[in-house]
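Database features (Swiss-Prot):
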type	residues	note
ACT_SITE	D51	active site, nucleophile
BINDING	Y109	substrate binding site
Amino acid sequence: MKIALGIEYDGSRYYGWQRQQEVKSVQGCLEEALSKVADEPISVFCAGRTDAGVHATGQVVHFETSVQRKDAAWTMGVNVHLPPDIAVRWVKTVDEGFHARFSATARRYRYIIFNHRYRPAVLANGVTHFHYPLDEKRMHQAAQCILGENDFTSFRAVQCQSKTPWRNVMHINVNRYGHYVVIDIKANAFVHHMVRNIAGSLMEIGCGNQDINWMAQLLALKDRAKAAATAKAAGLYLVAVDYPVQFDLPCAVMGPLFLADDLI
């Protein structure tokens, strides 16, 4: 039997998604909890491996098991065995052709900037603080040049292991909600640090350090050294993963929960 789960987590206490020896990972905690409920070893596969300090409200995983359990066991039952900063949001039995990573057609991220003179305490690990005023309209206008299929070498981590820097960005929007500036981006896939590198450069434009056309120039240069520094991990959330309609996976509010449910 193959089962898919929707997972939410605060990544600030973890060394990323991927299971590692001697350090705490989200995957490791989830597999341990699932194995207790299944009473057999469980290995999970995810839609996107997030880095240390990165969060998710819409991570999707799948696993295979030989045991029969009620849906409540895979949600509330597993949550009992998880730390408070990881939670299962939904469960769905899927057909054998489903794969959390390879069946996905797009991933969506939100980068949350707390744009205020003073840094936050309660959400210190849930947002990126930027104390200079940001012009979100300039940021949105500048970002539109990356739509479509492009070579993202300028926004790709040096250690990225992807075979190609080409990705297809389906939308990127920058909006303000009070003191929060939200960069919302969806693409077929992302190269390593792509969202955080884009966010770092957009903040340079938003505060007036760079012109609106700087993003287009960076894209054309294909040189990581020319772009801004990588933005912090704290503000980044994997909020949704798209799949073909045939799998009929549940929908959940993208969040994060401290933002309004009806964001654009």
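Note: Cβ is positioned from N, Cα and C throughout, glycine not excepted.
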Return one of helix, strand or coil for the residue listed as 'active site, nucleophile', based on DSSP. coil
Measuring Cα to Cα, how far is D51 (active site, nucleophile) from the residue listed as 'substrate binding site' in Å? 13
